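For reference, the structure is listed below as structure tokens.
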Amino acid sequence: MKSLFLSAVLLQFFETCWSQFPRPCANSEGLRTKECCPVWSGDGSPCGALSGRGFCADVSVSDEPNGPQYPHSGIDDRERWPLAFFNRTCRCAGNYGGFNCGECRFGYWGSNCAEYRESVRRNIMSMSTTEQQKFISYLNLAKNTINPDYVITTGTRAEMGENGESPMFSDINTYDLFVWIHYYVSRDTFLGGPGNVWRDIDFAHESAAFLPWHRVYLLHWEQEIRKITGDFNFTIPYWDWRDAQSCEVCTDNLMGGRNALNPNLISPASVFSSWKVICTQQEEYNNQEALCNATAEGPLLRNPGNHDPNRVPRIPTTADVEFTISLPEYETGSMDRFANNSFRNVLEGFASPETGMAVQGQSTMHNALHVFMNGSMSSVQGSANDPIFLLHHAFIDSIFERWLRTHQPPRSIYPRTNAPIGHNDGYYMVPFLPLYRNGDYLLSNKALGYEYAYLLDPGQRFVQEFLTPYLQQAQQIWQWLLGAGILGALIATIVAAVIVFARRKRRRNQKRKRAPSFGERQPLLQSSSEEGSSSYQTTL
């Protein structure tokens, strides 16, 4: 735990941001100068320098040798990221973050980013119907909202001209932004000529960065949904699939049931049946030597359970998860899909959760769920098209967190050198800008401002799972409740006044009926005093 705490303290000195190609930098000027240091509107200076939020700094990349899996050099824009595009970016101070240091780093809030707040990711099966529907509506909003801050590149850096005279960037909706990012980080390398590609390359899978990269990726996704919805209490839920016999979330109330007429499609009763996928035609891109440009390519596909049973006999079990967590070594041997007794390789799904040994022809753990879904989620590059991807990877991240808490590893266990390209400790994560180093995120999720409901102690879990949602709803309608309370008090006061006045008048009439008649006379002072007293009380 000490080492995790130290990592959390050190993290504040590293620069942060939210995603790929900030809009202010995606132009000829940015490409020509190779500088991405946008102005912060709060003080009108690049990176908020006048307010001490950050400054524009040279990018220094690691020159540690990579593994033998990728023998090429200088032909892929992702090599030595982000130097093909930019060599100067914002470096944010303290708890500040964002591409111009105008936001806060993960877990911190407020105008000065001084407030630490821990958000809780919950089991989607434990959420109320209203909460589930809100989550689905947020995803659909993200699918239909152009992201205001980020764009994607539709061409390689070489295609844009030596001085960036032909920039190739495009708008994209917020959901598909993350589909495209997942495609871009895992795509093949173009070697020149139709179909001539290098396939044994992936900057986010099949080695050490798999877990840290996806952790940062989910945090970005979470943050962007908060921004477009204005709901800063939003968290990505998880699906605890241990021991499941089927796709429990594949219902029309959740992530979409099976279409009765075509089992490969989503039920028309689900909003996801209208979704179009992007970045799924890998071979076509390779043959054209072109990047995915986010053009719609057809409906979302899913046919859970109708996969090759020899490749995935079953959904992973509790025993599989516990064995995986018990493995003490994060990375071993060749540090790729052939590594034995590697926690990362077993959890990713290239090794057995019973023996720890690498297996061929089978997919386990993380990979097993992708294959089991038997559709858009089953190919690496386009897998994020299926919203179940979010639920699945949130649970994978929670298993990573359990391993960190169980073994409390020092930072030094993360491979510094000879991992496959993109996976060494000092390598910046592709394609995030400004920059995140892989090894900086081998640390507890508490340092990043979030927790998982099932990892809380029972008391905290009760508060988060049952009490907090109601308190959040009350907070959202407190102004209405206050107004209703004031109106109710006013009505009660008026009613009370009417009742007192009626009673006073009745008593006065009764006294007049009982009093003997001695002719006309002035009212008694006492009677006048009673009237004044009642009036006073009524007024009070």
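For all residues, glycine too, the Cβ spot is worked out from N, Cα and C.
The following features are taken from Swiss-Prot:
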SIGNAL    1-19  signal peptide
TOPO_DOM  20-480  topological domain 'Lumenal, melanosome'
CARBOHYD  N87  N-linked glycosylation site
BINDING   H182, H205, H214  Cu cation A binding site
CARBOHYD  N233  N-linked glycosylation site
CARBOHYD  N293  N-linked glycosylation site
CARBOHYD  N340  N-linked glycosylation site
BINDING   H366, H370, H393  Cu cation B binding site
CARBOHYD  N374  N-linked glycosylation site
TRANSMEM  481-501  transmembrane segment
TOPO_DOM  502-540  topological domain 'Cytoplasmic'
REGION    511-540  region 'Disordered'
COMPBIAS  527-540  compositional bias 'Low complexity'
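Summary of the Cu cation B site environment: with the site residues H366, H370, H393 set aside, the chain residues having Cβ atoms within 8 Å of the Cβ mean position are G349, N367, L369, S383, F389, H392, I396. Surrounding the centroid of the Cβ atoms of H182, H205, H214, where the record places Cu cation A, the chain contributes additional residues within 8 Å, namely V185, S186, A204, F210, W213, Y217, V380, S383, H393. Summarising the environment of N233 (N-linked glycosylation site), the number of other Cβ atoms within 10 Å of its Cβ, over all protein chains shown, is 14. Looking only at the binding-site residues H182, H214, the densest Cβ neighbourhood within 10 Å occurs at H182. When secondary structure is read from DSSP and collapsed to three states, N374 (N-linked glycosylation site) falls in the coil class.
A sphere of 10 angstroms centred on the C-beta of H366 (Cu cation B binding site) encloses 23 other C-beta atoms. The number of other Cβ atoms within 10 Å of the Cβ belonging to H205 (Cu cation A binding site), over all protein chains shown, comes to 23.
N87 (N-linked glycosylation site): 15 other CB atoms within 10 A of its CB, across all protein chains.
In the three-state DSSP scheme, N233 (N-linked glycosylation site) is classed as coil. H205 (Cu cation A binding site) falls outside any helix or strand according to DSSP and counts as coil. Each of the glycosylation sites N293, N340, N374 was scored by the number of other CB atoms within 10 Å of its CB, and the largest score is that of N374. Checking each of the glycosylation sites N87, N293, N374 against H366 (Cu cation B binding site) by C-alpha distance, the shortest gap belongs to N374. The distance from the Cα of H182 (Cu cation A binding site) to the Cα of N87 (N-linked glycosylation site) comes to 23 Å.
For H370 (Cu cation B binding site), the spatially nearest entry among the recorded positions N87, H205, N233 is H205, judged by CA separation.
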